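A.B. asks: Before I ask anything, let me first share the structure, which is written out below as structure tokens.
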């Protein structure tokens, strides 16, 4: 006589007691790099506007009256493609940045999960912090320094950099490798807090959505919404650090003795509001940025799980 079947409700609940599936760091590196490259091609114009507004210091007569005026002046002077000036430097950095970030996050989280393979919010924050520090030191600081110098140079009356690689050669020739690591402290603080906030929020929302089933599938729409929320939280949490980082990496960084001096000078000469200059364009870019990255990352990991067996 055949054994009776388990009730449907119990069968459906079975996965809840299973162990959460882990993501191999190698998969995370590939998926993260692809996601980072696609995302930056979509969102770069808002990054360009944000950087222009932050470099438009109050100590000089303002060049732009706001976001719209910055876009109008750029398009009038250089055409629509002017909003993509400096894209190459950011694109070259975005792919390895996302690869390092997700690879490090998965590496750390795989060692910090509980016996069931679950990651709580606090550990998600710590893993995000580690991922942010890693991407800051390995990729973000040198690439962001070059990007800001390149954009700043292109808006000067007589640009001296003919392209990305020429700009890198000139910066290294004139300032040495140290010239590509300006604002390292601010960058580590910014990226560390950035990813700590994002992964804390993302981990919290995912745990809430999945409940007792850590392997519950998430469709791209849900992932995108959660990513946008995480992005918004990070913007309001560390925009002042982003402003300081941008100033420390600009062509006039020599005006500041160090990161702390930069912050004090901005506060003294321009007031507290200067720390939130460029917040609106950054908010739109980051929300879209984080949503796109997490959606593409998750979907690529799903694909890799089918063709790359690591269990």
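For all residues, glycine too, the Cβ spot is worked out from N, Cα and C.
Not my notes, these are from Swiss-Prot:
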{"type": "REPEAT", "residues": "23-111", "note": "repeat 'Solcar 1'"}
{"type": "TRANSMEM", "residues": "29-46", "note": "transmembrane segment"}
{"type": "TRANSMEM", "residues": "86-105", "note": "transmembrane segment"}
{"type": "REPEAT", "residues": "122-208", "note": "repeat 'Solcar 2'"}
{"type": "TRANSMEM", "residues": "129-143", "note": "transmembrane segment"}
{"type": "MOD_RES", "residues": "156", "note": "phosphoserine"}
{"type": "TRANSMEM", "residues": "183-202", "note": "transmembrane segment"}
{"type": "REPEAT", "residues": "218-303", "note": "repeat 'Solcar 3'"}
{"type": "TRANSMEM", "residues": "224-241", "note": "transmembrane segment"}
{"type": "TRANSMEM", "residues": "278-297", "note": "transmembrane segment"}
A.B. asks: Within 10 Å of the Cβ of the residue listed as 'phosphoserine', how many other Cβ atoms can be counted across all chains shown?
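C.D. replies: Around the Cβ of the residue listed as 'phosphoserine', 10 other Cβ atoms lie within 10 Å.
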A.B. asks: Could you give the number of helix, strand and coil residues in the repeat 'Solcar 1' (23-111) as assigned by DSSP?
C.D. replies: 73 helix, 0 strand, 16 coil
A.B. asks: Look up residue 156 (phosphoserine) in the DSSP assignment and reduce it to helix, strand or coil.
C.D. replies: coil
A.B. asks: Can you check how the pLDDT averages out over the repeat 'Solcar 2' (122-208)?
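C.D. replies: Mean per-residue confidence for the repeat 'Solcar 2' (122-208): 88 out of 100.
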A.B. asks: Report the DSSP secondary-structure composition of the repeat 'Solcar 2' (122-208) as helix, strand and coil residue counts.
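C.D. replies: For the repeat 'Solcar 2' (122-208), the helix, strand and coil counts are 74 helix, 0 strand, 13 coil.
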